[in-house]
Amino acid sequence: MKDYLVKALAFDGEVRAYSVRTTNTVSEAQRRHDTWRTASAALGRSLTAGTMMGAMLKGDQKLTIKVEGNGPIGPILVDAHANGDVRGYVTNPHVDFEGTEQGKLRVYQAVGTEGFVTVIKDIGMREPFIGQSPIVSGELGEDFTYYFAVSEQTPSSVGVGVLVNGDDSVLAAGGFILQIMPGAQEETISFIEDRLQKIPPVSTLIERGLSPEELLYAVLGEDKVKVLETMDVQFNCTCSRERIESVLISLGKTELEQIREEEEETEVHCHFCNERYKFSKEDITNLIENL
């Protein structure tokens, strides 16, 4: 099954809902960064939330999420675009902890329970929108829920889950975001709160093979949900050799000549996708000649 996202309304417009399958997306991130189990879960949850938050934007708008906790995983960075493209990385991918007796990974131990979630939105204005909230649990779903309440004043529920196999490969990933719209009735809010208390963990629902639509039906009730749009989502990095060449050219002739003199081979590393671009002395000479 391919990864895709669903945008929906529920309860006659009182609730805005997003749901996504990110199994392939998170698998690609795990493959590129060689993340261990708990790191995979933390990065996967962040990518999943970022994918849905990116889908709230329009056109060529994009956002960056930084989760900076006090845990050993270090900062998590995610870039997400309105078109469903997402990329991300963890600073220390080789972090893992024993799970609970129920098999749940202790993501909070990797992320940390103190720090901040920062969201930077590039929405075409002169200055980007920057929102920030403290980490409240380190489990990430609760942290993004709190972010929406504090920074965007939008009552929300964020559920994100990643299932990881013993060999570190990703079995399933996905999640949902529910947002209460202004004027929603108390009965609607109470109904959703009650359902959220009763449903299994998101990762369990995903493991059962539920599609994004079925995930929303499980949370809200099939008769309450009206799907508006679906869109493909994927791990996609914007880096390329041509872009790296442009960055090198921007350094100027003097610095490029110094690089050519000092380095047999120049390597540029993209943190987001882990690609490495190598430039020989001859490559650097060609760049200098094109200045």
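Yeah, the Cβs are placed from backbone N, Cα and C, and that goes for glycine too.
For Cys237-Cys239 (among others), the entry in Swiss-Prot reads disulfide bond. Of all the Cβ atoms in the protein chains shown, 19 others lie within 10 Å of the Cβ of Cys237 (disulfide bond).
Within 10 Å of the C-beta atom of Cys273 (disulfide bond) sit 19 other C-beta atoms, taking all shown protein chains into account. According to Swiss-Prot, the disulfide bond annotation covers Cys270-Cys273 (among others).
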